[in-house]
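Participant: One structure, as structure tokens, below. Some questions next.
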């Protein structure tokens with residue numbers, strides 16, 4: 001029904017345009033006003049129907065058409081929503097992959113540092129045993145890194161990495177000079 005009225009208005013408007021082109025511009029404005037007013041009313045009525053209002057005046061065929069339009073609109077909305085969700089998921093998976101790579105790299109760095117510390121401990125232990133085995137030399141303590149008494153503050157700062165993980169030194173109290 002609405003389509004028929006709209007088509008009728010278009011044809012009558014086109015016909016009036018031909019006739020009115022020769023008349024004054026005030027007549028064109030009144031036709032434009034009437035046409036636009038009818039179009040606004042039609043859009044408002046359609047909006048009310050889409051919102052579920054004033055459905056009593058619709059026939060069965062118009063109700064089915066309205067239902068089909070709503071179903072089509074819902075399918076488009078759902079497909080757009082799913083597309084956005086999939087894009088978001090793939091973006092998050094990419095971030096997860098980069099974070100895992102960074103984690104693996106940090107774990108390797110930690111293991112390498114642990115190896116170097118273990119090697120240093122074994123070297124110090126060998127030096128310590130070599131000095132103790134000679135009876136005529138007095139045992140000397142291993143070197144200490146106590147610069148200006150600020151070791152404890154610097155040590156706590158140096159023990160933390162970017163992930164704020166506390167790394168306790170392997171060389172602890174048995175060497176005396178590193179005791180906190």
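Quick reminder: no glycine exception, Cβ is built from N, Cα and C everywhere.
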Participant: To which of the residue ranges 33-83, 84-134 does TrEMBL assign the term coiled coil?
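Facilitator: In TrEMBL, residues 33-83 carry the label coiled coil.
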Participant: Along the coiled coil (33-83), what average pLDDT does this model show?
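Facilitator: A mean pLDDT of 90 is what the predicted model shows over the coiled coil (33-83).
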